[in-house]
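These notes concern the structure reproduced below.
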Amino acid sequence: MLLSFYFNGLLLVGCLLSWGRSDTEGQCHSFTDLNIHNSIIGTALKVQLLLYTPENPKCAQDLNEDNSTGFQYLNVTRKTVFITHGYRPTGSPPVWIDNIVTKFLDIQDFNVILVDWNRGATTVLYHNAAAKTRKVADILKRLIDNMLSQGATLDSIYMVGVSLGAHISGFVGKMYNGSIGRITGLDPAGPLFNGKPPEERLHYTDAQFVDVVHTDTDGLGYKESLGHIDFYPNGGTDQPGCPKTILSGSEYFKCDHQRSVFLYIASLTNNGDLVGFPCKSYRDYRIGNCTNCKEFLPLSCPVFGFYADKWKDHLVKKNPPGTKAFFDTAAKDPFCIFHYYLDIMTWSSQTRRGYITIRLMSLNGNVTESKLDKDHATFEQYKEVSLLAKFDQDLDPMTRISVTFTTGSVIGPKFKLRVLRMRLRPLTNTNRPILCRYDFVLLENVEMEFNPIPCEDTNL
């Protein structure tokens, strides 16, 4: 009898606590998870606007117009980030969504709105997904209009778009005459958008600041520049660590395209290691023609990713706007490569062609070896050759340097390279001293190790 009374009492308390509470209160929403069957039959457009804030970092609230409970978490005085994905041929959620939301909330009190249009983007027919992009933009405009009516400002709107999502972001920006704060395009989709006029794709006039990264220009991405600044990591194609043959399956098709997202996520925490060097072409960058960052003083060359807006004032005033910047990356997260230029002037009377390997050493014994351009260099008397050297470690202070010269030949005589001056210029950390070594001889295939010294005249 007492036990029955106890359980009945618990039931009554539970009913009283739940009485008056809506069905949706406290409910967490998740990104739409579909499959290849949905892709084959096609999906009608249905958009979820999943809100994450410091108050609900793990429990998304849907901001659909018929759902008022989600708006209690939306603080319009904060900056709002819209993250919009692209084409989803298999229907599965993007693997990066949880990570990018978490990283944004770790660095600042944002409203993060994940634009889930998986129902619409999931189809085997890419053009069907592309045809829905303007409808998604219309839905986003209705939400932004609602936010503006509650006190939000267009300055506080930041749109991050992936592939088709980049063009969706551009369409939203056009409806506000380019007044929204910022758009970042992560490898904007190329198919059906290449060669289109500005009103039919992302363009630098769509926001106060538009920055773009291109990682798959020979495949799924857009090749030409679109923003106030366009970054081309590894030249915009063939990203390190991505499969080179179709034998790798689906990764072969999507890895380069998707790398743009992972580079951007890394930039949220790196805060400065992925430095882009303005240049006309990737080749010019590789041969050392693009090291002058004086136009950005007192800043360095622009940093790729989230912190690129620090260079906004320098970039938007260009007439016409449009800066291409290049940098190289490692194959894995955090993707950082530390760049130097190795300048060599020789006084050998005969021209020599060969390869240079350089190793840097620190006081505690750490060693990092250069990843130099694969092309051989031609060393002519009194002509300086600049080689781009890339290292996967940042050694500071650097105590010793070793250099090896080789022609790559396994037969024939061994050559000497008489060096008048060798200069190592830091590009990633430009505040560090330029290091030199003067008047020495490199014997072919013999490693020469020495202590570097500050250059006597860095203007030489």
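Even glycines carry a Cβ here, placed using N, Cα and C.
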According to the record in Swiss-Prot, which candidate from C336, C455 pairs with C436 in a disulphide? C455
Member of C290, C301 annotated by Swiss-Prot as disulfide partner of C293: C301
Disulphide partner cysteine [Swiss-Prot] for C290, chosen from C255, C279: C279
What count of other C-beta atoms do you get within 10 angstroms of the C-beta of C279 (disulfide bond), across all chains shown? 21
Of the recorded positions N75, C255, H257, which one has its Cα closest to the Cα of S163 (active site, nucleophile)? H257
Far apart in sequence but close in space: which same-chain residues, 6 or more away, have a Cβ under 8 Å from C255 (disulfide bond)? Q239, G241, C242, P243
List of residues, in chain order, with Cβ under 8 A from that of C301 (disulfide bond) and at least 6 apart: V275, G276, F277, P278, C293, A325, L427, T430
Test of understanding: give the count of other CB atoms lying within 10 angstroms of the CB of D187 (active site, charge relay system). 29
Please report the distance from the Cα of N289 (N-linked glycosylation site) to the Cα of C279 (disulfide bond), rounded to the nearest angstrom. 8
For C293 (disulfide bond), what is the tally of other C-beta atoms lying within 10 angstroms of its C-beta? 16
